[in-house]
């Protein structure tokens, strides 16, 4: 019989090994799932994880897509990881992403058709502020009324989606769009667009921001006292208070930062790859980023790698849909499974598995 | 705009229908939380129940089998959560989120072939002349069995928690799992059973949505109902009868805003559609700002990991 | 006399430690038998085996001549073994009757149960209202709930795990009266304690455990306390010594401090006043849950006090948080080591940084100087003989005594002007406890004003200059510790609360 025994000190080895193990297990379970759907499991796994990068036929198109998909995931997940580490659960990044995009796009469109260097930077600020303010709603309700931030931030996603629809149909609708929903395309408005910086790389300002966020967070967590306070609060809230951490300030900082980064991700997306505010502008990055954050073990470098991997499943999923007729939802289930396995094998970091007699417990 | 088109009797009768899915999900989650477990996967279990119930009802032509299948399907899904959080001691918040994300994907996958199909009808119970009673008749005696079952479930949960030994043990486990363990109660086993009960309830709620309330299958059709059910448990401060009040209140708001949309009120549809979510947030704020009461009723071990270190 | 319970060669090993090694002893019906040993001697594991919570690796138990192998507490209870736990077995939000029902196999209907609770509590002089919510009860009353829960099952053997740690001296007397009554009625009692005087006055026989092994058996009435102590610890201990007791000027003053409790089952501080001079050790006694945590929080800055309530050298510090208070050398060490004084999963380096950041100059412009933090952690480890493979190890990997030495050492090394410690030696082995007490005395010797909050009266009498007691959030007027009688101390702690009346009736 199996028995779990707490380790005196969390295992370093396993904390690195568990994400890898989880990915492997997910591939196996995913393969079984794909087989049940009547697809060749090996071909499906290869199509998802290998072909987007190395298949001669597709790689030229899909390689740049890797950064395009991973960028927002990494940016959002970095923000979320700060809160998750402190036990502050912002799970409404999807909503903050939408509001950031709306605010940023609105600022850009307000200047249309003016051409000035400051328009895009203003949009960036507006996007970050929009996400930040949207995240401040659950944060302030938590600090002032002790309202559960998980539920509020999540419910606000649905509110944001309705706002998005209202904007696409109303205030931000393209006056020259023939009555179709959706705003003007920002890609065609140079002063407000977020172009590809290096041809065929997929690199845009959002990716740059994501890399900056990774480095800044790494330094924050490992070298700065604020990072220490964030980790301490997550480990042991009472010890944090004893150490002099102000919990209210910490909630506002963590929620605010994650909201701002999600808002930025939305802004870079709407002014770049997506181009316009439309009813179905959001694609669930805010939720997938939760998986990315955990898969990266809430560690900035880990999140960078996890974001790339998760971005790959997006492109690979598209490819598998196109090549093998694998339903898009299979990838969604696959991603959910990954998080399950990760949380499951995580037990190995803190516990040792013993084979032995059953305890009378 | 024509507000006179809104018939208050029909409104009340339909709010009961609108409230039933979240009522079921919330009472299930209440039992789970009373046992000290926070399962944020209600949304995922609901939507899994919605598609399991829908698919089986369509395949067999029997809504009853569909409802049973929805409970089994969602309970099995919740078992994953139970295994991860209780046996492998994973973080309950993260695992609950994973359950929701996985459930949404899985249901979309299972439901591919069922988009645009009409499910077999679930008939209202025939109460004969009772239906003819003015006012009360159309409100109380025009529903299908699940509506009455959900009411019975509320009453049963209330009675079990308050008067029976099973209920006492469940509350004890949620209140202080170390003490319950020291007295020899099987904390993990009790919690897993509670989690599965919560899953079955959420699944039934989901199936009610896809088989009766809507009735058809679309991806992501629960649209936050699971989260609202979670909020409802807080609103009810972990008391079954208040879950009923909360769910019907919420059902009323939903039906009213739909009626207002239909009546063509001068408020944009999107703003009406967001009102249930905003009102849920408002209610959460009001409930949680009352320090003493909220703190007293929440199970003390809620969300804490239990490890029997002997 | 035939024995009721016989243990033969019980052995239980956990990875890295043998908790019980070949333990044997017997208890006769009606005997009050002491199980004596230090923290970590293996007493808890042993009683958990008797109560069916842990299965022995080897050995045999016999109850009333029949083989006794309880697979779970239920089986033990069915065989007539009942246990009063030191911690962890009551449910705050449930009523007394519900709590008692949970500990019974076939509880009667709630109405009948309430009547039986009243009846038993009258018989044994332990008044209790079955409808009250347990969270609202005092520590002594909570213990009564546990005892009555056991008595309702007519046990043949009653196990009591450190029962007096939550009682005032007067309440202890009443408890002993109840236990003697039970023993006279033929119930055997296994009494676990490390308090020697208690054992000498109550018990008929004693088994002494050290490091999991039986190291002695005796009739405690025939031994002196110091002989028992030597058996328990293995060597004679030198009590901490103090050279002089000259106090300086008043350093800390608390006047009329009242803080309402933020949570429903907490204790509110009511009108607490005290003055503390340089070099003075003020001992604050009291039964657990009477405002100890709250007082520490008000002094450490975790809970802010009303303006003017706490002053240092006449300057108001009431509204300062923990960090500014550390800056002016007001330091604290809370009771709960893991999760309050230290973060369990963080390394000792990080835990050293936790309170030392400011005074030890461990950061610059917000950036942590990890090498300096490591040096500070190593200084603590070395200076206070903390046994650990190194500063990178997590706090939770340390034993209770070693972690406590680390926590106390961390504050002592920061040159406090005022130090407040809560339960400095709780759950700590004797040699570590002695070292900690000595370091507190040395600190006072060098002019630090110290407040020691503790539930261990012997400890307080040993090291304090002045003594005060907390009772329901109120602090008694401090009095010189020397010459205080145990009765006086008990009265300061609240006496027997409402229990004397009941005994008069009975």
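Heads up, the Cβ atoms here are built off N, Cα and C, so glycines get one too.
Within the chain carrying the transmembrane segment (A:20-37), a Cβ under 8 angstroms from the stretch's Cβ atoms is held by residues 44-45, 49, 295, 309, 326-327, 330, 333-334, 337-338, 341-342, 344-345, 348, all 6 or more beyond its ends. The transmembrane segment annotation in TrEMBL covers A:20-37 (among others).
The transmembrane segment annotation in TrEMBL covers A:70-88 (among others).
According to TrEMBL, the transmembrane segment annotation covers A:95-112 (among others).
The transmembrane segment annotation in TrEMBL covers A:118-141 (among others).
Sequence-remote contacts of a segment are chain residues at least 6 beyond its ends whose Cβ falls under 8 Å from one of its Cβ atoms, and for the transmembrane segment (A:150-172) they are 89-92, 94-96, 98-99, 101-102, 105-106, 109, 134-135, 137-138, 141-142, 181-183, 277-279, 281-282, 286. Per TrEMBL, transmembrane segment is recorded for A:150-172 (among others).
Among the features that TrEMBL reports, transmembrane segment is placed at A:203-221 (among others). Through the fold, the transmembrane segment (A:203-221) approaches residues 64, 67-68, 70-72, 74-75, 78-79, 81-82, 85, 124, 194-197, 227, 230-231, 261, 264-265, 268-269, 272-273, 299-301, 303-304, 307 of its own chain, all at least 6 residues removed from its boundaries and within a Cβ separation under 8 Å.
The transmembrane segment annotation in TrEMBL covers A:242-265 (among others).
Marked as transmembrane segment by TrEMBL: A:285-310 (among others).
Taken from TrEMBL, the feature transmembrane segment covers A:322-345 (among others).
Remote same-chain residues near the transmembrane segment (A:118-141) are listed as 90, 92, 95-97, 99-108, 111, 147, 149, 152-153, 156, 160, 191-194, 205, 251-252, 255-256, 258-264, 266-268, 271 (criterion: CB distance under 8 Å, separation of at least six residues from the stretch ends). Across the candidate stretches A:70-88, A:95-112, A:285-310, the maximum count of CB pairs under 8 A to the transmembrane segment (A:242-265) is reached by A:70-88.
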